[in-house]
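Just below is one structure, and these are the notes that go with it.
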Amino acid sequence: MRGRYVDAASMYKRGASRDYINADDKEESSAFVHFLNGKDVGNPPWRRSLPHVLVATLSSFLFGYHLGVVNETLESISLDLGFIGNTLAEGLVVSTCLGGAFVGCLFSGWIADGVGHRRAFQLCALPMIIGASMSATTKSLWGMLLGRLFVGTGMGLGPPVAALYVAEVSPAFVRGTFGSFTQIATCLGLMGALFIGLPAKEIVGWWRMCFWVSTVPAAVLALSMEFCAESPHWLFKRGRGVEAEVVFEKLLGGLHVKSAMAELSRSDRGDDKDTVKLSELFNGRHFKVVFIGSTLFALQQLSGINAVFYFSSTVFKSFGVPSDLANICVGIANLLGSLIATILMDKLGRKILLLGSFSGMAVSMGLEVIAASSFASGSGALYLSVGGMLLFVLTFALGAGPVPGLLLSEIFPSRIRAKAMAFCMAVHWVINFFVGLLFLRLLEQIGAQVLYTIFGAFCLLAVFFVKSNVLETKGKSLQEIEIALLPLE
């Protein structure tokens, strides 16, 4: 089945065929392209793939929700379960979830390659339902930790599969925009957790309801995936070319089926069915892209962003700012930045957003350092600290948040894409785990000024790294990017 498309790669140009064309496809594509750049360039209709993308982003919503669910409720949880004042135990409630995410992430590539993206989403939802139910009913710290461990495995599996799926079912001209939806969903999840957690301090046991609520979107994700399209790239790699054609027609419209299949064949090196060995990610021609991906995720976490999300209540409380007000402001800044990134992703490109984002984060950390120093006091320190933290979240959401996952799903060759994403996300979770575990302890031991200086230094390092190593991918098909980065040897 693949062979008939290999020689056709030069015959079928995007938009050249008139097979299967219908008026709706033309109208939908033209309207959205006109909205983006004022002209019709004959792109596929974006509305066909949008429902599938939105269902996939439920995994990102759950990811954000479980990151933020302990922010407002941690004090109530520690009081009810008997570890109030124990910063190590509080850190474990946060970071055990991240440890589970590391485990889930390690296997995400093999699961996505083995059973397909749709089934991987369903396997992601199952431990989230089980773990949230355990956390909601536990009477001890160990029960909470076990529940958070289960939830974490689902959190680790979901994000890399979501990045892969969205990249592979989206038309190239809106892939950046659709890829940003995962970050928006994460923001909405964080904000949802913060709002639902607000009554926790007044209503005894309300924190249990916060965990129960998360089982609803997890169940919706598992059920809705039964009606979503499988990734055509995965089908093609499995030798199921006819099914890939059918899916492409469903996602892109009949007009673009031949060109999409021809592009898949162009990038097919004839080795897709071979087992990908872990050593291949660190040797030969794949090393550079894996190094770029893992370093981007490492720098993203070493910037200190998740310390803000996990412990913003504690930090703001030290300045006399009500935690509920502070967390609402953090959530709004995160959402606003993500919405702006969605608009700019396919206009300015990935690299510019990354550079601007990390630069803004470095400036924000500078404000935090000044606020923690002897140069600022009273209301001045308050405004600098709160303003710096909100600016930090806003600039993070503009690029450092949404871009790495999208960029990696674009630059990795199809043969190693799932497993390389799994490895890079594993790096993300390892560093995330230690940030969550040690932030409060480091804040006590070395002070805010030194800690925020370290975070700012990593932001500056990220600027230089992006400028030297990251290539622009906007507007290019996944096959064009693969061929450009990995030419035939």
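Heads up, residue numbers simply count up from 1 along the chain you see.
Including glycine, each Cβ sits where the backbone N, Cα and C put it.
Any TrEMBL annotation is an automated prediction that lacks curation.
Sequence annotations record features per position, and here TrEMBL assigns transmembrane segment to 49-68, 88-111, 148-166, 178-200, 289-313, 325-345, 352-376, 382-408, 420-440, 446-466. Feature annotation from TrEMBL assigns domain 'Major facilitator superfamily (MFS) profile' to 52-474.
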Taken over the domain 'Major facilitator superfamily (MFS) profile' (52-474), the model's mean pLDDT: 85
Same-chain residues near the transmembrane segment (88-111), Cβ under 8 Å, at least 6 residues beyond its ends: 66, 70, 74, 77-78, 119-120, 123-124, 127, 131, 141, 144-145, 148-157, 159-161, 310, 418-423, 425-426, 428-430, 432-434, 436-441
Among 49-68, 289-313, 325-345, 382-408, 420-440, stretch most in contact with the transmembrane segment (352-376) (C-beta, under 8 angstroms): 382-408
Surrounding residues of the transmembrane segment (382-408) on its own chain - C-beta under 8 Å, 6+ positions past either end: 159-160, 162-163, 166-167, 175-176, 179-180, 182-183, 186-187, 293, 296-297, 300, 303, 305, 308, 312, 315-316, 319-321, 326, 329-330, 333-338, 340-342, 344-345, 350, 353-361, 363-368, 370-372, 376, 420-421, 424, 462, 470, 473
For the transmembrane segment (178-200): best-contacting stretch of 49-68, 325-345, 420-440, 446-466, by Cβ pairs under 8 Å: 49-68
Same-chain residues at least 6 beyond the ends of the transmembrane segment (49-68) whose Cβ lies under 8 Å from its Cβ atoms: 97, 121, 124-125, 128, 132, 151-152, 154-155, 158-159, 161-162, 165-166, 169-171, 178, 181-194, 197, 214, 217-218, 220-221, 224-225, 228-229, 251-252, 306, 309-310
Same-chain residues near the transmembrane segment (325-345), Cβ under 8 Å, at least 6 residues beyond its ends: 71-72, 176-177, 179-181, 183-184, 186-188, 190-191, 194-195, 308-309, 312-313, 316-317, 353, 386, 389-391, 393-399, 401-403, 406, 474
Beyond the flanks of the transmembrane segment (420-440) by at least 6 residues, Cβ under 8 Å: 87, 90-92, 94-95, 98-99, 101-102, 105-110, 112, 156, 159-160, 163-164, 278, 281, 286, 289-290, 293-294, 296-298, 300-302, 304, 306-307, 310-311, 314, 408-409, 412, 451
Residues of the parent chain within Cβ reach of the transmembrane segment (446-466), under 8 Å, 6 or more residues beyond its termini: 295-296, 299-300, 302-304, 307, 351, 354-355, 358-359, 361-362, 365-366, 368-369, 372-373, 400, 439
